[in-house]
Amino acid sequence: MVDVCLLGTGGMMPLPDRWLSALLVRCEGHVVLLDCGEGTQISWRYTGWSFRDLDAIVFTHLHADHVAGLPGILYALAFADRQEPVRIIGPVGTAQVVAALRSIVPTLPFPVETLELSGTSELELPGGLLLRALPVTHRIPCFAYTLHRPRGRRFDPQRAQALGIPMTLWHRLQRGETVEFAGQLLTPDLVLGPPRRGITVAFVTDTRPTPELPGFVAGADLLVCEGMYGDTALLPRAIERGHMLMQEAAELARAASVERLWLTHFSPSLTDPEAWLPAIRAIFPASEIGPVHQTVTLRYRDA
């Protein structure tokens, strides 16, 4: 299972009743933070999640409302007695931004590692999560991300017994290893069922719709997507500034056949996002305004 918790739904600047958009994802006790705008550590403290469990911080892009909260988060980790390395991942320029922000938190009890992405990427994170990155269309380099938790194939003990495979080898086959027994090579396919769907969380913000996005987030259990404006008359502004309308987020969710959509990253001018939900749900019924500070658990589905 995978836990998710949205830390805010704001874009551009925090407001008295709206924190900036950021997302926590937890699997097997390991936490990933997607974006880290001003005030992220304050919003985090409403959740009950442990700072010490944070292994990776992932930036979509390097605008201030997505990175300026980094010094506070690093301080929070230090006071939580974090000693293990923390990885910071983002587009080209991330190392320079991290170095600048770290100048006011120069001494930390843990190493900080940076990794810059320059194109479509895939890498493993702690907790068995697979991070995928897709370049999207904003005013500066920006990425959409998915975090995927694979699910192992089901082991068939009756089949293993029928083949005379000793129980001492079962766990290796279940892990996907090929083993040798009685002069034969035994492959996992002999005793494992068909592939099973895992759990996928998609995070898309600060972009115009692109042809690649529906396939990239296809079938996600949860799509967290920006809806900068609700008024379709503001489409020219969205195009100019590299953002999506709430309606465009819903159209993406529908095209990608995701399970549910959380809308986030609202313009400060969008004072009542809830007012637009009827129109949004007419496009994609499983849409909601992102629930801030609520931990939601995503579980494996057999289908």
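Cβ atoms here come from the backbone N, Cα and C positions, even for glycine.
Long-range Cβ proximity for His138 (Zn(2+) 1 binding site), meaning a same-chain Cβ under 8 A and a gap of 6 or more residues, is found for His61, Asp206, Thr207, Arg208, Gly242. Mapped onto three states, the DSSP output places His138 (Zn(2+) 1 binding site) in coil. Under the heading Zn(2+) 1 binding site, Swiss-Prot lists His61, His63, His138, Asp206, citing sequence analysis as support.
According to its DSSP assignment, Asp65 (active site, proton acceptor) is helical. The 10 Å shell around the Cβ of Asp65 (active site, proton acceptor) contains 23 further Cβ atoms across the protein chains shown. Residues or ranges marked as active site, proton acceptor in Swiss-Prot (evidence: sequence analysis): Asp65.
The Zn(2+) 2 binding site feature in Swiss-Prot is assigned to Asp65, His66, Asp206, His265; the stated evidence is sequence analysis. Long-range Cβ neighbours of His66 (Zn(2+) 2 binding site) (same chain, at least 6 residues apart, Cβ-Cβ under 8 Å): Leu20, Ser21, Asp35, Cys36, Gly37, Phe59, Thr60, Thr205, Asp206.
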Same-chain neighbours of the Zn(2+) 1 site, Cβ within 8 Å of the mean position of the Cβ atoms of His61, His63, His138, Asp206 and not counting those residues, run in sequence order as Thr60, Leu62, His66, Arg139, Ile140, Cys142, Thr205, Thr207, Gly242
Row His63 (Zn(2+) 1 binding site), column other C-beta within 10 angstroms, all chains, value 18
Same-chain residues at least 6 positions away from His265 (Zn(2+) 2 binding site) with a Cβ under 8 Å from its Cβ, in sequence order, are Thr9, Gly10, Gly11, Ser21, Thr205, Asp206, Glu226, Gly227, Met228, His243
If you count the other CB atoms within 10 A of the CB of Asp206 (Zn(2+) 1 binding site), including all protein chains displayed, you should get 27
